[in-house]
Amino acid sequence: MLEPPLRLDASIVDHWPLQGGCAWPGTVNTHRGSTDIQSRISHHLRGPAPVLLMSKYKLFLLRHGEGAWNKENRFCSWVDQKLSEDGVKEAQDCGKLLKEQGYKFDLVFTSILSRSIQTAWLVLEAMGQEWVPVVKSWRLNERHYGSLIGLNRAEMALQHGEEKVRLWRRGYDITPPSIEESHPYFQVIYNDRRYTTCDVPKESLPRAESLKEVLDRLLPYWDSTVVPEIRRGRTVLVSAHGNSCRALLKHLEGISDEDIASVTLPTGIPVLLELDENLRPVKPRQLLGDQTKIQAAIKKSLFEILKM
Ligand SMILES: O=C(OP(=O)(O)O)[C@H](O)COP(=O)(O)O
């Protein structure tokens, strides 16, 4: 069997032959104690009596279709933007693809931001599965980008330097400056009725988050609400955001704090994870769809964020 590469980097994105549409997560670093699916699988394949890791559950993660502010290159975060025309099409195409491939969902989880909910609806509609329950939680919201919300990333780079913006965007435990009451989107966000429905008082909701803090607020919900459904054998779709999905991938795949920087998800592309009985991946994640387009989108995003 072809040995997978040790890390996802720009050259691997370029040259590594995709196997069955798989994108191998950039994670090894067993010395840091991360649980690493590559070594788990290699271990099983190299052992005297190879044991095939059994896929017990299928889980789908989806970053919503393109939103208006994705197009304008602005930090959208907790601002409730709708999908752009292209984003609507991405979500519909995603649903068509999942239908063609014969997948059936039992339950969908979304954030309480419209772009993830609208994406879930469009996917279910295209699949003819509109009746499937959709459960919403703020804990799947996009990362709270604090005072950066609404700002254009390219302008930010000119003002603060590319390195600073790269750290704010991809440093695992770097929290951007908090949103202040004088911020143009403060009232828009915190006076929105949806934030009175959360399982914490409005005053305790975040004012800025690192990716680590996203994972910290997401995990209790994941463990208490989503995991039991997966264990019951339900096929779950999580329709969420770039960073809430990255946080989940980090958790499920045991990606290191460093390597998560180079994991990026294109909008509207479903990610299939096959998990064992302990909810650990048994094979590389699969980004479903046209592999040439997917790899081009990943490359573009990695170049833009990390200049890789
Ligand atoms: O709203 C956002 O992501 P989303 O489009 O997945 O909801 C963030 O602005 C993503 O920003 P980043 O890619 O700089 O982390």
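Here the Cβ of each residue, glycine as well, is placed from N, Cα and C on the backbone.
Per TrEMBL, the feature substrate binding site maps to 63-70, R115, 142-145, 169-170, 242-243. Positions annotated as active site, tele-phosphohistidine intermediate by TrEMBL: H64. Here TrEMBL flags E142 as active site, proton donor/acceptor. The site 'Transition state stabilizer' feature in TrEMBL is assigned to H241.
Where TrEMBL records a feature, it is marked here on the structure.
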| residue | record | DSSP class |
| --- | --- | --- |
| R63 | substrate binding site | strand |
| W69 | substrate binding site | helix |
| E142 | substrate binding site | coil |
| H241 | site 'Transition state stabilizer' | coil |
- If you tally other C-beta atoms within 10 angstroms for each of the binding-site residues W69, Y145, the top scorer is Y145
- Query: From W69, E142, G242, which binding-site residues have a C-beta atom under 6 Å away from some atom of ligand 1?
  - Reply: E142, G242
- Alpha-carbon distance [H241 (site 'Transition state stabilizer'); W69 (substrate binding site)] in Å: 13
- Message: Give me the long-range Cβ neighbours of E142 (substrate binding site): same chain, 6+ apart, Cβ under 8 Å, in sequence order.
- Response: C76, S77, W78, S111, L113, A240, H241, G242, N243, S244
- Query: From the Cα of the residue listed as 'active site, tele-phosphohistidine intermediate' across to the Cα of Y145 (substrate binding site), what is the distance in angstrom?
  - Reply: 18
- Residue, out of the recorded positions R63, H64, H241, whose Cβ gathers the largest set of other Cβ atoms within 10 Å: H64
- Would you count the other C-beta atoms found within 10 angstroms of the C-beta of G242 (substrate binding site) for me? 19
